[in-house]
Amino acid sequence: MKLIYVFLLILAVRLASVFVVQTYYVPDEYWQSLEVAHKLTFGYGYLTWEWVQGIRSYVYPLLIAGLYKILALLQLDSAHLLVVLPRIVQALLSAYSDYRFFVWTGKRKWALFLILVPWFWFYTGSRTLANTLEASLTTIALSYFPWYGESTAYLWPAAICCFLRPTAAVIWLPLSLYHLRRSRQNVLELILKRFVLIGLLVAGLGIAIDTYWHGQLIVTPYEFLKYNIFNNIGSFYGSHPWHWYFSVGLPTVLGINTLPFIFGVMETVKKSEKYPVSKQLLITIFLTLVVLSAVEHKEFRFVSPLLPLCLYVITDALSRWSIRASSTMLWTTALVILVGNVMPAWYLSTVHQKGPIELMPKLREIAREYRDEREHQANILFLMPCHSTPYYSHIHQNVTMRFLTCEPNLEKKEQYKDEADRFFEDPVHWINSHIPMHPLTALPTHVVLFDPLAENISVFLRNYRLLHRIEHAEVTRLEGSQALVDQWSEALGAQSPNLASLLQNRQSRTGRSILVYQRLKKGEENAFNRGPDSGQHEPDVHDHPPLEDLVLANENENLFN
């Protein structure tokens, strides 16, 4: 097959993922890229604490901001294009990295098959995540790595990787040592003229960009390591056991490909002289997992740069096995791998956690068209776990919005709880303490929440009508910060009988549906928790006292000031 046809096939799959993948994965896809770019370009948006503290580099958001600026100049900056175009560009980069993987592996058929079918790469390959960019750059760098020559071209994408994601150095340190050990060039000269020079150029440019946009001299890779590694801030968002990457993380990312990967590991260990590249890749994979395992906070996406390394090991082993395997075995193996990847790719890309993505066009319409009695625009309150949805980048209207924040304990206060934790501990108290009642027009015009919360704040919602119910997930999971682990420990240590209710409280943070409520205007019928076609009985307005009669802890505090 001609290389151009190979690239076009890969490109078609990656571009298809842009439009097939319509589910929510992690907040960083929006809050650390699109949201930042939107604020840079259009002057409004939300910057999370990471940008205030300077632990994120502006390099990636600036690339997206460049796209936004072009769209704005052409007067094509519709919300739809602001969402789709960055994903298309990321898909193009992912497609090129996949093509380079095919070339790197010797243009083997198994390589093309294995780079196209992984469920996790289909699921994340077009998302605007720094981890996706890192995985693409890692693959490109590996394809230029001097496995059998003296090229140092790989140092450029590798250096960019390490600047944007300092943890990438864990991958490139053993590979760089391997390069230096095998090189026939003078080692000191190679280090000074290539490694140090390229590193300084990339770091210098990155520091200059970040210093300008952060407004002060700053080295974001150092700040990243200081907060996430040395201060262990990441553990606030969840901790996992040391073996998680080995027992859960990498096997989940590989999915059904774990089976041929194990086969590849066994073949490489038994016949390491036949698999010199796979041997070095396995050493790199193992060392990377060991180092990452030392950090308490772990996520699937953190091992996505290891995916091309694992796929190479699989390709190497299956290509040699294919020489002696029967045609039936070959087709059966390929079919099992294909089906085993298509199923999770389809479910996670189209069904699970689709609510936030389907929600945003509805909020966009509200932001564009809604006006209250005083002709004021919408103001929207998200009573959900923090960053449960995209934000201004998907609405592209400068309306007032508010969500529950979840900054970590940067000041190391005792008994610290973020705003989201405080809200879900006692939603009614939080509402009474933070939302003004007089006049009723001071209430948020719209409230967005997951369905289990509605019953807990039913009195508050009597001033609203149900506008939209959006299906979110067939299966919900526990949400929350490190406080969940702390509460588990306390409950178990005290042999508390309330563990079940404690977990139920956490479970109620998310739900199967997302509900959008709209504030009642004067003279409108009070139809609490009832959709247009729901058929639910309307509660008697005398069952509860009017909300304006409730006593507030802080009546004068305005949520949207």
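Cβ coordinates come from backbone N, Cα and C, glycine included.
Feature annotation from Swiss-Prot assigns transmembrane segment to 3-25, 64-84, 110-130, 155-175, 195-215, 246-266, 275-295, 328-348. According to Swiss-Prot, the N-linked glycosylation site annotation covers Asn398, Asn456, on the basis of sequence analysis. Annotation source Swiss-Prot lists region 'Disordered' at 525-546. Among the features that Swiss-Prot reports, compositional bias 'Basic and acidic residues' is placed at 535-546.
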Indicate whether Asn456 (N-linked glycosylation site) is helix, strand or coil by DSSP.
helix
Quick one: Cα separation, Asn456 (N-linked glycosylation site) versus Asn398 (N-linked glycosylation site), in Å?
31
Report the same-chain neighbours of Asn398 (N-linked glycosylation site): residues 6+ apart in sequence with Cβ closer than 8 Å to its Cβ, ordered by sequence.
Phe42, Tyr44, Tyr392
Non-local residues, at least 6 beyond the ends, that sit with Cβ under 8 Å of the transmembrane segment (328-348):
23, 113-114, 117-119, 122-123, 255-257, 260, 318, 322
With the transmembrane segment (195-215) as the reference, find which of 3-25, 64-84, 155-175, 246-266, 275-295 contributes the most Cβ pairs under 8 Å.
155-175
Take the C-beta pairs under 8 A between the transmembrane segment (110-130) and each of 3-25, 64-84, 246-266, 275-295. Which stretch has the highest count?
3-25
Among 3-25, 64-84, 275-295, point out the range having the most Cβ pairs under 8 angstroms from the transmembrane segment (246-266).
275-295
Taking DSSP as the reference, which of helix, strand or coil describes Asn398 (N-linked glycosylation site)?
coil
